[in-house]
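Peer 1: Got a structure for you, written out below as structure tokens; questions coming shortly.
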């Protein structure tokens with residue numbers, strides 16, 4: 001179903017306390033317009049959108065009005081995308097991430113997804129999350145810092161995806177929030193004149209939501225049901241910036257160039273899409289990795305919401321105009337969103353169905369929470385193994401491709417060397433043939449006995465004399481067995497043709513090529529002079545040809561020397577390529593060795609950590625026991641002090657009673673003594 005992209009504008013609170021001196025932005029319902037200081041609107045600078053949020057608006061209201069429907073549609077099987085666009089320091093990151101008191105769109109979307117899933121009882125869900133950043137046109141994994149410079153691929157089953165990107169299977173919102181916090185630590189931030197903590201990269205938080213219907217009659221899965229797979233992208237774009245305002249230099253300047261380039265490509269894509277299907281030309285999705293990843297969300301199969309943040313200060317009027325024009329063009333884009341259902345084994349939920357069923361039967365006992373954790377752990381392990389396998393397959397394919405290219409390059413170099421060698425040999429052969437051709441001509445010009453090429457024993461080719469008459473009929477084959485006609489031989493073999501007029505039949509007689517005038521009375525003197533002139537002309541042409549051939553021979557010698565130099569250079573390049581391949585193999589082996597060492601060190605560290613944790617646990621137990629003993633001793637001491645006090649009181653009373661008894665006893669003794677003295 002075709003529907004427009006939902007576009008909203010949010011104005012952040014003003015940072016400076018200075019009152020505007022020329023113009024200011026005014027918000028009226030869902031319209032924002034630029035006004036002069038006295039309240040007069042400026043023509044052509046008024047824009048209407050789906051929603052316009054003023055400075056007092058909270059992230060909760062933005063989420064409820066703009067993004068909540070997209071999140072709920074993603075749970076139902078529609079692809080969804082929400083991203084923030086605007087200049088630097090205009091409030092994009094605050095809108096997407098928020099704060100502790102007012103969480104942003106990402107945190108609210110995560111909580112809302114799990115709340116909606118808990119309300120759906122007739123479907124089973126599996127959620128995977130990933131977090132990436134596009135920094136200087138390179139894709140980095142924020143969940144695994146070792147995964148950097150990741151490539152983008154496209155397939156019929158998965159569509160457009162980032163190969164090697166780590167995905168985590170989650171079952172509650174708390175896990176996702178912890179993963180987001182760990183990913184934010186790895187994100188690139190920097191300080192500029194406009195923002196103390198400026199985002200230097202685009203971030204894309206992706207949730208893949210898979211669901212399958214449950215047959216309520218049997219409580220089991222139905223194998224014929226389709227699996228819904230939807231992708232939810234929550235994007236925090238880096239802000240466009242001007243160097244004059246940000247004061248960027250060095251690394252910050254380079255980052256700003258890449259940010260502005262990708263945002264410019266995004267603007268071009270939005271501009272092309274807003275022209276309509278009839279006037280739409282080629283859409284440059286591939287010019288930027290950001291637009292390539294968001295290709296489905298821009299004019300494709302997705303529900304999309306865009307929040308454009310602007311700064312109200314008068315100094316940022318031009319940047320705000322550009323942002324509002326971008327939002328106006330995006331408002332004209334139409335998407336065709338539909339539920340994504342998969343009937344093949346491409347969905348991870350279908351591949352794990354048997355394993356989930358086996359583990360589900362174990363959940364009937366008392367160890368349900370432990371088994372749930374085991375299920376989650378097994379799912380994550382399975383997903384990691386698949387990602388590692390996919391990454392290894394891609395590395396193997398790259399290695400094969402590079403090996404094929406290297407072999408093809410070596411074959412091309414060898415073929416070039418062979419061609420150059422053949423050219424050198426052909427040049428030598430042609431020069432020798434030219435020199436051989438020159439010698440018969442010289443001999444003919446000197447009226448010497450010419451050489452002729454024997455074809456067989458007692459057989460030669462006879463050239464018809466200029467003075468001989470044509471035969472009336474062709475000779476019989478038997479009577480003409482050892483002599484071939486010139487035309488017949490030339491057509492058959494194109495060989496050397498002997499001139500019978502220059503042959504010496506009698507050794508003692510000097511043969512002349514042309515008879516004198518007295519011997520050939522039939523030929524006139526004028527004809528003889530004309531033939532002589534022709535021969536002189538031919539001689540001059542032959543001399544010129546000889547000079548030209550000598551010049552060509554010298555050029556070919558130079559070309560041969562140059563070709564030999566190129567052959568030596570190619571051989572050196574071939575040796576260098578072989579050495580580089582050997583060094584790459586050696587480097588690969590060294591890297592594998594280092595990887596094994598690092599793995600062993602990691603295992604040893606893990607073992608050390610486990611032993612240390614055991615020791616810490618043991619010491620903690622000992623400490624607790626000592627504290628218990630100490631508390632017991634303190635209590636005993638208090639009890640003893642109480643007993644000592646009681647004993648002291650009893651001892652004092654006993655002492656007083658003994659003293660009184662002693663006094664009575666003493667008085668009685670005195671009485672007895674007095675009585676004894678009186679008696680005596």
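A Cβ is built for glycine as well, from the same backbone N, Cα and C atoms used for every other residue.
Under the heading domain 'Kinesin motor', TrEMBL lists 4-333. Annotation comment: TrEMBL describes 86, 87, 88, 89, 90, 91, 92, 93 as ATP binding site. Residues or ranges marked as coiled coil by TrEMBL: 349-416, 525-552, 581-615. According to TrEMBL, the feature region 'Disordered' maps to 421-446. As annotated by TrEMBL, compositional bias 'Basic and acidic residues' applies to 426-446.
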Peer 1: For residue 92 (ATP binding site), which residues in the same chain are close in space, meaning a Cβ under 8 Å from its Cβ, but six or more apart along the sequence?
Peer 2: 84, 85, 86, 199, 236, 237, 239, 307, 309
Peer 1: For the binding-site residues 86, 91, which one has the sparsest Cβ surroundings, going by other Cβ atoms within 10 Å?
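Peer 2: Least crowded of the binding-site residues 86, 91, by Cβ count within 10 Å, is 91.
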Peer 1: What is the one among the binding-site residues 87, 88, 90 whose Cβ has the most other Cβ atoms less than or equal to 10 Å away?
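Peer 2: Neighbour-count leader: 90.
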